[in-house]
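Step one of this worksheet: look at the structure below.
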Amino acid sequence: MKRVLLAIAGLMMSGAALASSEALPYSYQADTSNPASLQRGARNFMAYCSGCHSMKYLRYNRIGNDLGIPEDLLKSSLMFTSSKLGDTVNSAMPAEPSKAWFGQTPPDLTLETRARGADWVYSYLRTFYIDTTRPLGVNNIVLPGASMPHVLWELQGWQVKEEAHGDAAAHGGEGEHHGAPLKLIQAGTLSPDEYEKFVGDIVNFMSYAAEPGKSLRMGIGPKAIMYLLLLLVLCYFLKKEFWRDVH
Ligand code: HEC
């Protein structure tokens, strides 16, 4: 019994070690249980991202069902790139020319938060900065040399990179999040707080898209484990009962 417990503890610890991210400027715990945030995130994803990025494993009617968005609203405010409810989220961008325009075809983003992690995507969307040496005049802290324009500049405004100070690097060891070395030099239409929330909503929606069944599974998981533990106890006593007469 002790050995089983030790094995379980070991598994849990290795999981935690894997989950702890490397030094990204920001950490973010996605919340897929807040329908209002997911709805805002979906709307903003469609408005600001689906022009270039698809979510080819996600259908509009699934979004509607899961997020509680009625069909007419779905059609009028989310479905910019197709008209059928059963369609998956396409991008408006033809793949080949976009490669010529940006140097990269904008990748499908259905599984992005699973591939890169929510922290990464959140940090990515917050750390575009002016870099005149780049073709589009912008660069990114977590994806250096990124070929995506800073599509949210009107909301966030423009940031520049600050020179690293000697002691800034001395603070915080590996795995800590100490913000990006960026300074806002031109305000956007959103305040920094509002922009953080805006990005948070998009990352929440993207996390939902990567695992649409997650909240359901989270509900079933603990019950299944309780059931198995109960079964284990019963089996133990049953075994004792069986062997009592043998000894
Ligand atoms: C004008 C086209 C365009 C728009 C609009 C756009 N992107 Fe991108 N995006 C790109 C391109 C091109 C890349 C590839 C960058 C590279 O690899 O250098 C990219 C890359 C990304 C990546 C990194 C993928 C990876 O793992 O390397 C993420 C995440 C992303 N975009 C999210 C978004 C989100 C969220 C939005 C909406 C707020 C958005 N993008 C809007 C063109 C766009």
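The backbone N, Cα and C atoms fix where each Cβ goes, glycine too.
No curator has checked TrEMBL annotations; they are predicted automatically.
Note: Cys49 (heme c binding site) has non-local neighbours Leu109, Val151, Ile202, i.e. same-chain residues 6+ apart with C-beta under 8 A of its own C-beta. What TrEMBL lists as heme c binding site is Cys49, Cys52, His53.
Here TrEMBL flags 36-206 as domain 'Cytochrome c'. Within the model, the domain 'Cytochrome c' (36-206) carries an average pLDDT of 89.
Residues annotated as signal peptide in TrEMBL: 1-19.
Look at TrEMBL and you will find 220-238 tagged as transmembrane segment.
Classification of His53 (heme c binding site) by DSSP places it in coil, neither helical nor stranded.
Those same-chain residues not listed among Cys49, Cys52, His53 yet with C-beta within 8 angstroms of the centroid of the heme c site C-beta atoms are Phe45, Tyr48, Ser50, Gly51, Ser54, Ser91, Met93, Pro106, Leu109, Val151.
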